[in-house]
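Take a look at the structure below.
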């Protein structure tokens, strides 16, 4: 089978012989695969027997078959027909925000280059017109040719064409103004940055033995400008390792004795061997006693049915694992859902152990008695019904349907005429479980009569073999039996927070990052997790929107916006009276459910929701679908220029991850779909703090400076060439050797830029983690903005004037040739730009010293080599000019004149208007950071960006 193929396994109640397989007529009716469909349905006939084929029969690449003696299959949807190929529209193209701004500056430089060339061309035209009478005999320009005995013209095409050719030549001479090498340098720097992020031991997850992954190299610097973090809850903030905690059975809460709960290990003996579950579960003593007492009493009957539902209503496959003791075997329950695994382990702990599953039956050991249940039908969980059901033929010859699902879907199909007291008690227990952060499921049951079963069976057979609309038909069939249920009870499962999540969220919020949590859990569960993760605090004012209509949503949003404005007005009055901003402000938390978002998203209410959410410190969305998660991210992304980051661990988070500017996948318990769709992947949520606050800050600071430095170093050389053109009748001849011009961006100045872009650190990791407010420098765009761009260009203009005019006036009355002064100019440019870079290096290493000073030395060596080649222009020029002291004095004067103004401006700015980064660097350098530990440092505010 090819790597991209899928195989369909054909179910059969009996094991066929080889002769049967070889001679049985087979008819396969295969549905055409479409890219927009999430599932494909087919049917097959073997020897006259019709079998339905659906997603549960498809074995995807990488799957392993276990407990399977034989399999009859056919390869389907191979090659280009695979769902992966048809649905593969390619990952969305993400570009760095810094690179987008840089491209705009490059457009400005292109316009400036054209303007520069136009100025030179116009000046050349004026010069030609003013000297048109002298052009025949003027030195170096003589156009009259007398070599043939008669007067003729050299290649002179008149003022118009000469001006046009001058424009083209000026484009060639000044084209270095457009930093083409900048893109190559950026990619090399990003590779180096990714290497150090991957090798960071503080982002290594020992539990899963996984390192940080950098899956997209073009947005490293975006990590330093994040303003919004959108996070999933289950598996992202929590461990996604479910533990059964408590149960409500027939209106009785079996969680009151938490202090007496112990872990119990249940075992059974099968064929002389002891079987034990691989996981121990906390059990309630009262419930444990009732489960052992049998179903003779009324309470015992309810407990029996509830635990039987937990053990049977699932798709778990028990796997028997060998141990060091040959008489002891372990049962490992494998399933798609961690919730199902937790429930089956809980049932086993109470004496209802699932020991065997086939396509037609299951075997459950109930308090030492093995009982076989025929699986007559299974309706799998789907997002529309939000429940699953199994139809069992029980040993007492009664057909029962067991159903479990979310409370919102289960209470709508309950027979409320049976016992309303039990229903109300169960609802109260569900609320209590959710309030302490537990995940809840409701369990129900009903008996089916023979006529009901026959009607269901015929409908199920027809629906399961339908090629068109199979999902809708199966949902309709399921609804026919999933009604008039008797509520058995509810379960409470704990999904513990990952280690370090509360501290990580607190650090992110201190850094000025807004954290939004988007989850499919109940509202009470989400709120409880919000408090335990420090996302919500007791000081916050909660605005809860649970609406069931568009008009109700509109009123709720309007009321909430009015409340926010009142709180802001009260905070403003408190600040004016004299209180601090911290004391006067009242943080607001918005809590909204998925039903309300159905009416808000993609409607005119979106703007009101954004206006409300942007004024809230925390937004918590409950019961949201995957597409709603992406809609929430788009709500912010399309209306602000803020950087958004989404983090999730499952397939339901893929759309959100791809919608955000930066997508982070957690390699957890729910597969690798989120990781495969992400830009960065890691093992735990807490690694987001060093990723954003440390590496993000470093990457943004380095890349911002590197882009400005590349603009500066290229502009300096171009302006030097421009000054020379002004004194050579605009003929575009150059004093600098062509080889030096080529090597300028390759050898003379390239390596220092790349090394500093990879290794430089303005602040240590300890300082950045201790003071998350320092991350605001990236949100305020302090390292790269339009003002810095124009300051860099003016600095380039001044330094180029110093480089050109100091040697010009020093050698104006001398007889030095143009190649010699050209060597002085190129050496002055390279020395000045490298020392300029050295002045801005924050943290020196031996590599930094080697590349900066080595580049200056390499330039001298290359100039000498070029000048000793007789065939090149400027033979021996460097030796003529360097043997006099004037040469070295000019170099020194160039450095001093070029850098002193920069040093003065830098000193005044840092002394009178220091930034947060500069203050922290001084404190770090002089060891005074510890003095700030007991005091609160007020950082510069982060202004709200303009809305789109």
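Just so it is clear, glycine is given a Cβ too, placed from its N, Cα and C backbone atoms.
Just so you know, TrEMBL annotations are computer predictions that nobody has curated.
In TrEMBL this protein carries:
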type	residues	note
TRANSMEM	104-129	transmembrane segment
TRANSMEM	164-184	transmembrane segment
BINDING	232, 233, 234, 340, 381, 404, 439, 519, 520, 521, 623, 629, 652, 653	ATP binding site
ACT_SITE	232	active site, 4-aspartylphosphate intermediate
DOMAIN	675-915	domain 'P-type ATPase C-terminal'
TRANSMEM	716-736	transmembrane segment
TRANSMEM	742-759	transmembrane segment
TRANSMEM	788-810	transmembrane segment
TRANSMEM	822-839	transmembrane segment
TRANSMEM	851-879	transmembrane segment
TRANSMEM	885-905	transmembrane segment
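The number of other CB atoms found within 10 A of the CB of residue 381 (ATP binding site), across every protein chain shown, is 19. Ranking 742-759, 788-810, 851-879 by CB pairs under 8 A with the transmembrane segment (716-736) puts 788-810 at the top. In sequence order, 232, 520, 625, 626, 629 constitute the residues six or more apart from residue 652 (ATP binding site) in its chain with CB-CB distances below 8 Å. Only sequence-distant pairs (6 or more apart) were considered; of these, fewer than three Cβ pairs between the transmembrane segment (822-839) and the transmembrane segment (104-129) are under 8 A, so the stretches are not in contact. Residue 439 (ATP binding site) counts 23 other C-beta atoms within 10 Å of its own C-beta, drawing on all protein chains shown. Taking all protein chains in view, 23 other C-beta atoms sit within 10 angstroms of the C-beta of residue 520 (ATP binding site). Highest Cβ contact count with the transmembrane segment (742-759) among the listed stretches 104-129, 788-810, 851-879 falls to 851-879 (criterion: pairs under 8 Å).
Ranked by Cβ neighbours within 10 A across all protein chains shown, the binding-site residues 232, 234, 623 are led by 232. Site extent for ATP: the farthest pair of Cα atoms among 232, 233, 234, 340, 381, 404, 439, 519, 520, 521, 623, 629, 652, 653 sits 25 Å apart.
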